[in-house]
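*Asks:* One structure coming up, written as structure tokens, with questions to follow.
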Amino acid sequence: MDVENRECSADLAEELRKLSASRSLSEEVGVDPALVSEGAPEGVIEGPAVVSSPAKMYTALKAVDDEMPPLKSENKAVVETEKVESKPRGFSAIDFAEEDGDSDADAEDEDDEDDEDDDEDDDDEDDKDMVTAKALAELANASGKKSSMGAAGPSLPSLPQRPAVRKTAAATALDTAGRITQRPNGAPSTQLTATTEENANSDTAEGNETREKLQNIRVKFLRLAHRLGQSPQNVVVAQVLYRLGLAESLRGGNTSNRAGAFSFDRANALAEEQEAANQEEELDFACTILVLGKTGVGKSATINSIFDDRKSVTSAFKPSTNKVQEIVGTVHGIKVRVIDTPGLLPSVADQQHNERIMGQVKKHIKKASPDIVLYFDRLDMQSRDFGDLPLLKTITDLFGAAVWFNAIVVLTHASSAPPDGPNGVPLSYEMFVAQRSHVVQQTIRQAAGDMRLMNPVSLVENHPACRTNRNGQRVLPNGQIWKPQLLLLCFASKILAEANSLLKLQETATPGRPFGQRSRVPPLPFLLSSLLQSRAQLKLPDEQLDESDESDDDEEEEDSEADDYDELPPFRPLSKEELEELTKEQRQDYMDELADRERLFQKKQYREEMRRRKEMKKRQAQMSKEELAQPDEADDEAGQPAAVPVPMPDMALPPSFDSDNPTHRYRYLETANQWLVRPVLETHGWDHDAGYDGFNVEKMFVVKNKIPASISGQVTKDKKESQVNFEAAASLKHGEGKVTLTGFDVQTIGKDLAYTLRAETRFNNFKRNKTTAGVTATYLNDTIAAGVKLEDRILIGKRVKMVVNGGVLTGKGDKAFGGSLEATLRGKEYPLSRTLSTLGLSVMDWHGDLAIGGNLQSQFMVGKTMMVGRANLNNRGSGQVSIRASSSEQLQMVLIGIVPILRSLINCRFGFGGGQSSQ
């Protein structure tokens, strides 16, 4: 019995101890069970035992937080062990906003976002330590301390207050930086912390100043809208406010939507307060408007309607504005300056009149640049053929394309009745306005050269019989009051321009020029190929008889050889009757003998020509020395006969032609004039009757009797594009075997012109070796590409010639490397036999992409038929093989042309080839 009593006493004492502990805990945190049960969601708190432990108390607070309205930050209330913070962050922001509505809520939200990561990292450790004896002891020690409800007051009666003071943004940043920069020995880094604090303070000060200025712009614009009778819910007002908020977020970083809403609410409240206190005062705002448009569309009448006064003379029968004038007035306490201009004429013949007027306007606006441009046209003026395009292009040429970036299209006579549609039924007013607006906007896009332009359109009606509302304001057929809407568009453009200059959002961007219109990288591979191309040196007229590079090295061998043709026995050619009497074998022997004699005779003529050239060269060298010894002696050319013009041969006809070929139209004479002008034939051009789509000009001359020079140019033009090619070159000798060639080229690359300045010097290393070094510079698309090249030419014996070159070209930080090797093998009797084989190899590296190509070409005679074979292949597996044969005797080769004809017929009949592929 005693044992049972002792057990009951122990149980009772245990229950009393638990009850005492639970009551002390409730008193410690200041929680009224009834209030908790009343304020918490249903089913979460049932009695005082629910908060009998810290873990359960955290659960209860978290459940209550989850039921509260969610915020963007989505912060959850956390009860920590060392700092008992029981006030939810989400509600603190809402309560402060409801009481004062100032920037404290925004600052607190930013603090919460800064503390969010730290709180979430500590949640797991706090949950584990809550149930420990240490946590219970700390809560017991703090049982006598109670927190006040603070600013939240009656809004949260069921939740305890956090006794600890919130961390500021700077303190949170310092705390975070201190933890991140912890050293291995446990000592924090104070240098980085101080730097972070200094940068944060400077950025915050600058950002606050910018926000304050932008807030003043918001207030100013809301006051303007209020003066014009427009609410913040107006489409234009809402769009401008949205753009201001977007610009602020782009300039100063991302901000929450709630902060933007608070800024708008404060600006709206401040604007209403200022307007209520000072309704009659003039605003610190002025707008300058430039008026442009055709004559008779109602520019001056609209100005009078804006000021509600006869500021400008109007006439319905003749132009009333004869000069540029400035009209200044006040509309609803807003200073408005309008630059009225004389009317423009749409005809192409009157463009000089328009240029004179716009020249006067340009001089006038130099004093005060306009904020907005109003381009006037009539709504009832039907035009679908871009008849106003010349006028708009004239405006664009004189003022620049930027004149349309801040332009508003004003359509007068807006009360006109809509015309009939295609079905005979009158169009709706909205469709009528949309069609007319689209035509004017499209014409402006064409004139400005920017198809992205979308100029706003405002409707205007100045007729005295226009319908009005109770306040006497003119109303359009669609129910719109046009005057405040037009002024609101003008003021909105000025406000956005002020915000743009404040936030400096367009330092690198230019309207109408997407992405700053970056200069494109020049085509380096194409320019490098042009640089590596070998060019022949220019020669004086008396040097044209000089031997070629190949024959110059064979002088001794040619002199030592005897003429085999002189040693042949006499030969009598047979007549046609005598040939018919010969047998087939005799006729073949006769033909072989005749071919050998013809070959030896050509060889003899070639050697005689070489000897004659060498003698001429020696005489010219001797004459040059005599001229240097007697510089005053002049040549007497008066006794020479005048050159007689002779007709030049006609252009070669294409392989396929008809009677419409206009070769006879462009016959010309070769005269003594050094200028040679010829037409350029395009066999595959668009014009069948006149295939000459360009002309070519050439001239050779000598500068100071020492420097040979040449000028050549070609211009071609078809329906789609035009091409210009110009080349000027000159050679300068400076020593034996040293020649410098300079040139200037202009050529069309795409839609741009490329200007190239080049120079190369060739000098003889040895008797059979010549080296060339050159530089070049090309200007294209505001970019300069410069490069160098090195070339070496060597002769091996009489039949082999090798040319090796390499170069590099750089431009706009980009580089291209390339080189080529060419080996030529000539026949034994070249150039008489015309047997020649060439092997080429080219390499180019651009952007790490290695391109390797090889080509082989060979030509030889088979009887009297010339055979030419070509083959090329690159490292990407693509290549080409071609064989060509030309003969004047084997006419049966024409039958080969039947093969492609038959192939085309088979493809058309059975559907083979033709680029079709089966799926």
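Every residue, even glycine, has its Cβ placed from backbone N, Cα and C.
Copied straight from Swiss-Prot:
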BINDING   Gly296, Val297, Gly298, Lys299, Ser300, Ala301, His413, Glu461, Asn462  GTP binding site
BINDING   Ser300  Mg(2+) binding site
COMPBIAS  73-88  compositional bias 'Basic and acidic residues'
COMPBIAS  96-128  compositional bias 'Acidic residues'
COMPBIAS  543-567  compositional bias 'Acidic residues'
COMPBIAS  574-585  compositional bias 'Basic and acidic residues'
COMPBIAS  629-638  compositional bias 'Acidic residues'
COMPBIAS  641-650  compositional bias 'Low complexity'
DOMAIN    284-513  domain 'AIG1-type G'
REGION    293-300  region 'G1'
REGION    412-415  region 'G4'
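Mind mapping these onto the model and telling me what they sit next to?
*Replies:* Other Cβ atoms within 10 Å of the Cβ of Gly296 (GTP binding site) number 17 in total over all chains. In this structure, Gly296 (GTP binding site) belongs to neither helix nor strand by DSSP; it is coil.
In sequence order, Ser312, Val313, Thr314, Ser320, Thr321, Asp340 are the residues of the chain that are 6 or more apart from Ser300 (GTP binding site) and have a CB within less than 8 Å of its CB.
Across the compositional bias 'Basic and acidic residues' (574-585), DSSP classifies residues as 8 helix, 0 strand, 4 coil.
Same-chain residues lying 6 or more positions outside the region 'G1' (293-300) and placing a CB less than 8 Å from one of its CB atoms are 312-314, 319-321, 340-346, 374-378, 381, 388, 391, 410, 412-413, 460, 462.
Panel annotation: around the region 'G4' (412-415), residues 297-298, 301-302, 376-380, 433, 459-463, 466-467, 476-477, 482 of the same chain, lying at least six beyond its termini, place a Cβ under 8 Å from a Cβ of the stretch.
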*Asks:* By a simple count, how many Cβ atoms lie within 10 Å of the Cβ of His413 (GTP binding site), its own Cβ left out?
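*Replies:* Total other Cβ atoms inside 10 Å, all chains included: 17.
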*Asks:* DSSP helix, strand and coil counts for the region 'G4' (412-415)?
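*Replies:* Tallied per class, the region 'G4' (412-415) gives 0 helix, 1 strand, 3 coil.
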*Asks:* By the count of other Cβ atoms within 10 Å, pick out the sparsest of the binding-site residues Gly298, Asn462.
*Replies:* Asn462
*Asks:* Which residues, same chain and not among Gly296, Val297, Gly298, Lys299, Ser300, Ala301, His413, Glu461, Asn462, have a CB within 8 angstroms of the centroid of the CB atoms at the recorded GTP site?
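*Replies:* Result: Thr302, Thr314, Phe376, Arg378, Thr412, Val460.
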*Asks:* Compute all pairwise C-alpha distances among Gly296, Val297, Gly298, Lys299, Ser300, Ala301, His413, Glu461, Asn462, the residues listed as binding GTP, and give the largest one in whole angstrom.
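*Replies:* Site span for GTP, by Cα atoms: 14 Å.
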